[in-house]
Amino acid sequence: MGAGGWTHFVGIGGVGMSGLAQLLLVQGYRVSGSDPKENQFTRQLAAQGAVIYHRHEAGNIAPGVQEVVISSAVPPDNPEVIAARHRGLPVIKRGELLARLFNARRGIAVAGAHGKTTTSALVALALKEAGLDPAAVIGGYVREFDSNTLPGRGPYFVAEADESDGSFLWLKPEIALVTNIESDHLDHYGSLERIVAAFAAFLDQVRPGGKAVLCTEDPRVAEIATRSGRAVITYGFSGEPDYRASEVTLSGLGGRAAIYYRDRYLGELVLKVPGRHNILNALGAIAVAHQLETPFPVIASALGAFRGVGRRFEVLWDDGATRVVDDYAHHPTEIEATLAAAGQVGARRVVAVFQPHRYTRTYHLYREFGRAFNRADVVIINDIYAAGEEPLDGVTSRLILEEIKRNGHSQVYYLPTLEETMAFLKKSCTAGDLILTMGAGDVWQVGVELARFLAAKQALSEVGAGRCI
């Protein structure tokens, strides 16, 4: 379908769907879409000329619509999907549209179990700083873009590649970056071996003459590196990777490292985002941009200005004593990395609120979740956020709760609802605490509401003798 057509998105408010919709608008398409919930992305799209509906109805498929795009969360009995099929319109998945746009340019695809949102944002920022005017679709709000999308018209297209349903295999990148490989999305893959095989197949999709940029800190990525038929560029902290970060120091909400390319010192990297994992994310972005002949000072300048992606250690409140931070972490490894970053901030206590995401993930990984919270002083476990899944017999968040206790943690609380969690925090948090909400569902609402509450209290000068609330 050529530019100037009309595309309708079912579930347009999602972070992946909204980014593609914005790119089509820039290319001259008419765009409409539906989503029951208004958010910053639907408001941005409406301001740019998209027609947004907040109910799913057959009538939303207007007479001029030529194609319908659906997210993975849209069921086949959605009235708009039924209406589109009745009219004989193409109904395609988000990943198919991404592949169509991505494969028409020199694509840079960032994949991995963790870190791909931040890494893809950093790659896009570095290329933008270099004047390459990239297009980008990122899986989160990037402050420097004021969006989740860069509608650039240059030769490069940076995309976060989604392995969850195998749709990243539709992409044909010039550069493929893999951050790590973990046991996740087992509802789709069935086994870790099949996940590793999918990432190996992803590298096989790299165009002739292209490159695979691989983090060899991860043993499974190192394994597929030896099997790749493409040129391989490696990065990491240890061993002899092509790009290496050493002399790493972490403090407060930032970090720094010396960066080397093979035996050559490139310079110092200084970040405004916390955690050793973010040094590694930045190193991957450095490898990509440097391979595209971007000078290191240009890369370091772009990465040094980066303030993070929405819901990735996002500071919602900081009065110098008490902090409220929200993070998307929903896998045990992500939780461990996020809690490690929280530890470098210097809080008196770290109070972790975790809302498990999906019954299947809880079932497969509850033991690993039980070992992930050792760096938290207080842990609050909410009910599972289903994300459209049907409940599984015997699978509740109490599985995680009991595993945390079994691993020796004494301050663990089961608070099923967000409302109960808010009430608990209002009564118990003290000055010097870092309250950290984690999960891929709607637990972020706790952090936002608590930040509002603390701001109102501060405005009324009601902070009393060492108490934050």
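Glycine is no exception: its Cβ is also placed from the backbone N, Cα and C atoms.
Pulled from TrEMBL, these are the features on record:
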type	residues	note
BINDING	G112, A113, H114, G115, K116, T117, T118	ATP binding site
DOMAIN	8-105	domain 'Mur ligase N-terminal catalytic'
DOMAIN	110-289	domain 'Mur ligase central'
DOMAIN	311-441	domain 'Mur ligase C-terminal'
Ordered by sequence, the long-range same-chain Cβ contacts of A113 (ATP binding site) under 8 Å (at least 6 apart) are E163, T179, N180, I181, E182, D184, H331, T333
Lowest 10 Å Cβ neighbour count of the binding-site residues T117, T118 is held by T117
Within 8 Å of the Cβ centroid of the ATP site residues G112, A113, H114, G115, K116, T117, T118, which other residues of the same chain have their Cβ?
V110, T119, T179, N180, N281
Tell me the residue counts in helix, strand and coil for the domain 'Mur ligase C-terminal' (311-441), as DSSP assigns them.
44 helix, 31 strand, 56 coil
Overall pLDDT for the domain 'Mur ligase C-terminal' (311-441), taken as the rounded mean:
96
Which residues, sitting 6 or more apart from K116 (ATP binding site) on the same chain, put a CB under 8 Å from its CB?
V110, G139, E160, A161, T179
Taking the Cβ of G112 (ATP binding site) as centre, how many other Cβ atoms lie within 10 Å?
25
Structural state census, the domain 'Mur ligase N-terminal catalytic' (8-105) (DSSP three-state)
40 helix, 18 strand, 40 coil
